[in-house]
Amino acid sequence: MIVYAVNMGIVFIWSWFAKMCGGRDDSLATGYRPNKLLIWIPLASLVLVSGLRYRVGTDFQTYTLLYELAGDYQNVWQIFGFGTAKTATDPGFTALLWLMNFITEDPQIMYFTVAVVTYSFIMKTLADYGRPFELSVFLFLGTFHYYASFNGIRQYMVAAVLFWAIRYIISGNWKRYFLIVLVSSLFHSSALIMIPVYFIVRRKAWSPAIFGLSALFLGMTFLYQKFISVFVVVLENSSYSHYEKWLMTNTNGMNVIKIAVLVLPLFLAFCYKERLRSLWPQIDIVVNLCLLGFLFGLLATKDVIFARFNIYFGLYQMILVPYFVRIFDEKSNALIYIAIVVCYFLYSYLLMPVDSSVLPYRTIFSR
């Protein structure tokens, strides 16, 4: 626990210094750019804690095995299915691991490399869209996404790239966004969900179409058994067909506290939608992305597998939530800032012993 506490302190304090030593930049949505040099310090802390971990995280052994199996391929063409009966699952990621095997057979290089890529894209995005910057970075840990990224590392890496690509949703550059999604799908095929998402989130927040989509998800949640029988047919011939039986019989779902954390920012965003739009007209896109995260969270109360989709949407809370410290008078904003830090710290503290197997923390130096 002490490692995580020190890491959080370093990340928060040095992100604050980066903000204080930054300067005005009207090319950014925030109008302010943190100090580019100082950003490297919190980034380094995030990478080191994640990249040097050993047997930490629910999926650690699974990814270690994937790394070893990737080294068994004879060439990259075999990974992508040229001249073989079947393409490797998520061939882009498998090819990356295959290349790493030429450097070392130690899978720790995989964890370190993925940490560098994932957190670099997230920090870059928060530097462009997060204000106050240090609060956005703190929320990466406070919302538990940082610790959850120790599991499902390839999906979090893809989610980080698509998080960075929000600039193309905002600008309406669908060609670049779709290209990034297609390349990302080679690393995790679920990234393809972001193609229809592009068209959904560019609508005005709280519009009839968005309310209609929300009603659809509510219906799927309440009529879950009927919905899941259709969903299983979709999975039947995919690389995820092994989930069929598990989906039909599993009753383990996302807990109510996580749902509350997803819905509260949306409630505030609805109540103060005009104030938010006055600060940044494109905030509707971020609100819609957060809403999709909540809707998938509702489905995840029936089966936790749907929480995997929330990986793509939960990151946008790091952009939305800090806006709430800018919509009231100065004194109220300061109180809200403190409340956000305290509440999200307690949230991550309570989750840590029971979620994602991040405790106890061990490093490669203890193996």
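Here the Cβ of each residue, glycine as well, is placed from N, Cα and C on the backbone.
Taken from Swiss-Prot, the feature transmembrane segment covers 1-21 (among others).
Here Swiss-Prot flags 37-57 (among others) as transmembrane segment, drawing on sequence analysis. Note on the transmembrane segment (37-57): residues 3-4, 7, 10-12, 14-15, 17-18, 21, 108, 111-113, 115-116, 119-120, 123, 127, 137, 140, 146, 149-151, 356-358, 360-367 of its chain, located 6 or more positions outside it, place their CB under 8 angstroms from a CB of the stretch.
As annotated by Swiss-Prot, transmembrane segment applies to 77-99 (among others).
Distant neighbours of the transmembrane segment (109-123): 39, 42-43, 46-47, 50-53, 63, 67, 96-97, 100, 103, 137, 140, 149, 153-154, 156-157, 160-161, 163-164, 315; these residues of the same chain sit at least 6 beyond its ends, with a Cβ under 8 Å from one of its Cβ atoms. Sequence annotations record features per position, and here Swiss-Prot assigns transmembrane segment to 109-123 (among others).
According to Swiss-Prot, the transmembrane segment annotation covers 133-153 (among others).
Residues or ranges marked as transmembrane segment by Swiss-Prot: 180-200 (among others).
What Swiss-Prot lists as transmembrane segment is 215-235 (among others), and the listing cites sequence analysis.
Among the features that Swiss-Prot reports, transmembrane segment is placed at 252-272 (among others), with the record citing sequence analysis.
Annotated transmembrane segment per Swiss-Prot: 279-299 (among others), in sequence order, evidence recorded as sequence analysis.
Residues or ranges marked as transmembrane segment in Swiss-Prot: 304-324 (among others).
What Swiss-Prot lists as transmembrane segment is 334-354 (among others), and the listing cites sequence analysis.
Of the ranges 1-21, 252-272, 304-324, 334-354, the one with the most Cβ pairs under 8 Å to the transmembrane segment (180-200) is 304-324. Residues 32, 34-35, 38-39, 41-42, 45-46, 49, 132-134, 137-138, 140-141, 147, 345, 352, 358-359, 361 of the same chain lie 6+ residues outside the transmembrane segment (1-21) yet bring a C-beta within less than 8 angstroms of a C-beta in it. Under the criterion of 3 or more C-beta pairs below 8 Å, with sequence separation of 6 or more, the transmembrane segment (334-354) and the transmembrane segment (279-299) do not qualify as touching, having fewer than 3 such pairs.
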